[in-house]
Amino acid sequence: MSLQSDAVFQKIIDGLKENEAKAKAVNGVFVYKITKDGKVAKEWTLDCKNAKAYEGPAQGVKVDTTLTVADEDMVDIALGKLNPQAAFMKGKLKIAGNIMLTQKLAPLLKTDAKL
């Protein structure tokens, strides 16, 4: 299944390759559960400890934080149309695990690209 947020994650993958040191400074492993119509449609893993991201559940690493967000909300967050803290407060973004670690993610997720 192809989702709008796939482009966001492709941009993140490219960004991790370009900024390995920045990614490793985050020093965390995040799993994004992307939902469509209320059901998890796709999972993405951001392994900032090893500066890599891939589709699917975490492989051989301990997950620090799990984020659950709707496909269109993930796109809006990446484009800066939706503030992540506001999304969390409104229940559009659910976070389990180390919530403070997610604040270090913001610089990696920002995208200037038109998706």
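In case you wondered, yes, glycine gets a Cβ from its N, Cα and C as well.
TrEMBL labels come from automatic prediction, so no person has curated them.
Look at TrEMBL and you will find 9-110 tagged as domain 'SCP2'.
Note on the domain 'SCP2' (9-110): its mean pLDDT in the predicted model is 92. Secondary structure of the domain 'SCP2' (9-110) per DSSP (helix as H, G, I; strand as E, B; remaining residues coil): 41 helix, 32 strand, 29 coil.
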